[in-house]
């Protein structure tokens with residue numbers, strides 16, 4: 001018996017150690033998420049962010065993971081923060097507090113996935129943790145909003161990283177676990193949005209062939225392609241349940257001519273660089289300040305990104321040349337593999353976006369984030385040549401991430417340039433007055449033709465139903481974009497949030513006045529009215 005106890009004790013200690021580390025990683029991820037959502041993101045919270053709260057309420061109220069009573073915009077949504085926000089709503093939280101905690105939990109979840117993926121290639125746990133922290137500390141506006149804020153691209157970034165790591169390992173030494181884990185991330189991305197899955201899988205397949213040749217990369221490449229197909233089929237099946245998307249890019253995209261593509265590329269590159277770095281967030285700060293030094297550091301990071309991209313292209317070209325010359329090539333390091341994949345991903349992604357849908361370079365955010373973690377990996381390995389203490393290496397890496405982050409300028413820049421459409425934080429006192437009026441009148445339905453003004457009101461309280469209206473000829477109809485059809489089945493009196501700068505809102509005001517509506521509150525160009533339903537519902541009410 002004593003021998004049995006002595007043999008199981010080390011295993012138990014090892015298991016307890018791994019569990020403790022996992023809990024610590026989870027708490028670190030939650031801390032990053034909470035700091036960002038509570039102290040940084042409220043300034044930027046907007047309509048697209050609030051849509052996650054709308055979906056979370058639909059999940060809770062309809063007891064469905066993919067509720068039909070939600071108008072999905074241009075893709076199905078299930079890899080974002082809505083499930084976690086729904087969870088904290090079930091635990092009793094309401095309003096923006098639910099958004100903060102739920103979003104922080106979502107960040108913690110994806111942070112753990114990132115750490116586990118990195119720890120599969122880096123046995124040194126402190127190294128994997130430091131790189132995960134560096135990835136999750138926001139660098140520029142895209143990180144601040146799309147990755148950690150509304151989280152429209154967080155899962156995409158993490159799953160792309162997992163797919164890359166597992167495909168790399170599967171090409172080195174074929175293993176069922178690596179092959180399955182290289183397939184699942186692509187399938188999940190394609191299941192939610194086939195185009196997103198394809199924009200990761202296709203560059204990955206190309207780079208696997210470049211780095212490992214056809215014979216060694218055939219299985220992970222085939223599984224990546226299978227992931228796109230499985231995800232596409234699954235997406236079509238899910239759409240039978242949810243109903244059609246408001247905008248289906250696969251059916252609506254058209255091709256651009258070459259001059260237009262080149263013009264689009266130029267504009268996309270400028271937007272991509274400015275939104276990836278923190279330089280834009282520093283705009284307006286005094287030269288004689290700490291911000292100036294960090295601004296210079298941010299410019300340095302921008303140059304590092306450009307150099308890393310060029311290096312990735314050069315390394316890819318060298319490997320293609322060697323393959324064409326039929327010369328045996330050395331196996332790439334993970335660092336080189338990341339450099340090449342990030343560069344090829346940016347090239348393919350930008351050309352695809354410029355040719356099909358040049359609205360934003362956000363579809364290559366996964367590649368920019370891969371380039372980010374690659375640069376921090378390179379920094380860590382350079383430092384490890386002169387610093388041998390593991391904890392010191394990790395701390396320095398995290399400090400560099402913090403110094404290059406956009407967190408400081410967001411908090412300290414008194415001249416921060418914000419879109420006029422971002423009003424939630426600026427109007428927080430006004431929003432409290434609106435909620436008070438709702439409680440006094442027992443009316444929680446409120447409508448407007450101003451998407452950016454009306455959608456964020458869903459985050460002031462779980463009872464608020466805030467929906468957008470649109471003109472259709474001479475009539476007003478619901479605009480079903482990231483909203484809930486059932487909210488437009490209202491009867492009796494409702495509230496209206498009318499922005500004098502929005503033409504459709506001025507027309508709504510005229511209709512309400514003619515039907516003896518009542519003005520309740522005014523602040524600047526925005527007024528709150530109480531009146532009858534003025535729109536024609538164009539869909540059957542969802543029960």
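The chain as shown is numbered from 1 upward.
Keep in mind that glycine also has a Cβ here, set from the backbone N, Cα and C atoms.
As recorded in TrEMBL, the features of this protein are as follows:
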type	residues	note
TRANSMEM	20-37	transmembrane segment
TRANSMEM	72-92	transmembrane segment
TRANSMEM	98-118	transmembrane segment
TRANSMEM	153-171	transmembrane segment
TRANSMEM	178-210	transmembrane segment
TRANSMEM	222-241	transmembrane segment
TRANSMEM	253-273	transmembrane segment
TRANSMEM	293-314	transmembrane segment
TRANSMEM	334-357	transmembrane segment
TRANSMEM	363-380	transmembrane segment
TRANSMEM	392-410	transmembrane segment
- Task: Run the contact check on the transmembrane segment (392-410) against the transmembrane segment (293-314): 3 or more C-beta pairs under 8 Å, excluding pairs closer than 6 in sequence.
- Result: yes
- Message: Under 8 Å between C-beta atoms and at least six residues away from its ends: which parts of the chain pack against the transmembrane segment (293-314)?
- Response: 139, 273, 276-279, 282, 285, 339-344, 346-347, 368, 371-372, 374-375, 378, 403-404, 408-409
- Message: Considering only Cβ pairs within less than 8 angstroms, which of the stretches 20-37, 222-241, 253-273, 334-357, 363-380 has the most against the transmembrane segment (72-92)?
- Response: 222-241
- Surrounding residues of the transmembrane segment (153-171) on its own chain - C-beta under 8 Å, 6+ positions past either end: 79-80, 106-107, 110, 113-114, 117-118, 120-121, 135, 142, 146-147, 178-179, 181-182, 185-186, 188-189, 192, 196, 200-201, 204, 208, 211-212, 216-217, 219-221, 224, 334, 337-338, 341, 362, 365-367, 369-370, 373
- Residue numbers, six or more beyond the limits of the transmembrane segment (178-210), whose CB comes under 8 Å of its CB atoms: 75-79, 155-156, 159-160, 162-164, 166-167, 169-171, 217, 219-221, 223-228, 230-232, 234-235, 238, 249-250, 316, 319-320, 323, 337, 340-341, 344-345, 348-349, 352, 363-364, 366-367
- Note on the structure: Long-range CB partners for the transmembrane segment (222-241) (under 8 A, at least six residues beyond its ends), listed in sequence order, are 66, 68, 76, 163, 167, 179, 182-194, 197-198, 201, 204-205, 208
- Query: Under a criterion of three or more Cβ pairs within a distance under 8 Å and sequence separation of at least 6, are the transmembrane segment (98-118) and the transmembrane segment (20-37) in contact?
  - Reply: yes
- Grab the same-chain neighbours of the transmembrane segment (253-273) for me: Cβ-Cβ under 8 Å, and only residues 6 or more beyond its ends, written as numbers and ranges. 302, 305, 350-351, 353-358, 360-361, 364, 368
